[in-house]
Amino acid sequence: MSVKTQTITVLPGDHVGTEIVNEPTKVLKAIEAPTPYQKIQFDFKHHLIGGAAIDATGVPLPDDALESAKSSDAVLLGAVGGPKWGTGTVRPEQGLLKIRKELNLYANIRPCNFASDSLLELSPLKAEVVKGTNLIIVRELVGGIYFGERQEQEESEDHQTAWYRPKYTVDEVTRITRMAAFMALQHNPPLPIWSLDKANVLASSRLWRKTVDKVISEEFPALSVQHQLIDSAAMILIQNPTKLSGIIITSNMFGDIISDEASVIPGSLGLLPSASLASLPDTNTAFGLYEPCHGSAPDLPANKVNPIATILSAASMLRLALDCVKETEALEEAVKQVLDSGIRTADLRGTSSTTEVGDAIAETVTKILKQNT
């Protein structure tokens, strides 16, 4: 059996980020054992990012971390930020924005579903409202207002003005539309596509809508796309989330907001993974950065954070970047079994610690893989 070595750059980041990256690396080490599919080895390279990097080097993304990421098969990130670093000139979040831009991670993929039906009762919405919710948000990640021209208050002549310009090009919208279409076509039948914008107000949204229509009609005629204003979609997501089941495609800022809104539907931010991709995963080898949806949670006690979002991010990495589809399925099943067994952290009304949940998932995925040998 041949050995495939995958190099993973690990960027713990700040606060709980330093804890949660230990659990997926533990689980991936468990998967290293021979399986009926292939022999895998992981080579983990740890580097600083965010506030920890600022404290150590003065910058939120040191050159060695960026170079390691560029030379790796994938990047696993914890979380960045915290009140210690405030909103000063040098901020932890700048490291995240820079690595996205430098690695051309133009598409952020965030699912919103229930890892197990046993979690339905934990949703802040009624179980009968959220049951069956299964949507994937495809967010454009390196364009729009976050990367547009800007003027800070202190840069204006009267010190009373600050602005950003939300800008999109046809090429930027075209490639994110193709990503959404690819994701839709991975299902049989293909999933519907919802495009969220503010075309009744913003010129950039009108270009967005026109381009999405053109790409879908000319390149993917078998797919359907419906347009929804972002404010209306935000209401629908709470009133009737299953209506938006399918693929949601939207711009950088709108995606930032709507994906966070969607992330609370399953009951905890600690459940949902995220992948930021630099290319279509059409050969299951798309380079990307994988991270949980939640932030650095600086107020959370040690060993109390839910590691499942980060572990499922590693599962996405196995599927999309490393061509380990069977291992991904085994890991997702292991997460479901552990949740159903009642081994849960406090955010899921459990009493288990971060490491206990990680240990249980590592042990369970090992058993599942051995059963298939």
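Counting begins at 1 with the first residue displayed.
Cβ atoms are placed via backbone N, Cα and C, with glycine included.
Substrate binding, as stated in Swiss-Prot, involves Arg100, Arg110, Asp231; the candidate among Arg139, Arg150, Arg165, Arg178 given for that site is Arg139. It is Arg139 that, of the recorded positions Arg100, Arg139, Lys198, Lys304, has its Cβ surrounded by the most other Cβ atoms within 10 Å. Sequence-distant neighbours of Asp260 (Mg(2+) binding site) (same chain, 6+ apart, CB under 8 A from its CB) are Cys293. Sitting within 8 Å of the Cβ centre of Asp231, Asp256, Asp260, and not among those site residues for Mg(2+), are the Cβ atoms of Ile230, Ala234, Met253, Phe254, Gly255, Ile257, Ile258, Ser259, Glu261. It is Asp231, among the binding-site residues Asp231, Asp256, whose Cβ has the fewest other Cβ atoms within 10 Å in the structure shown. By the criterion of other Cβ atoms within 10 Å of the residue's own Cβ, the least surrounded of the binding-site residues Gly82, Gly88, Gly295, Pro298, Pro301 is Gly88.
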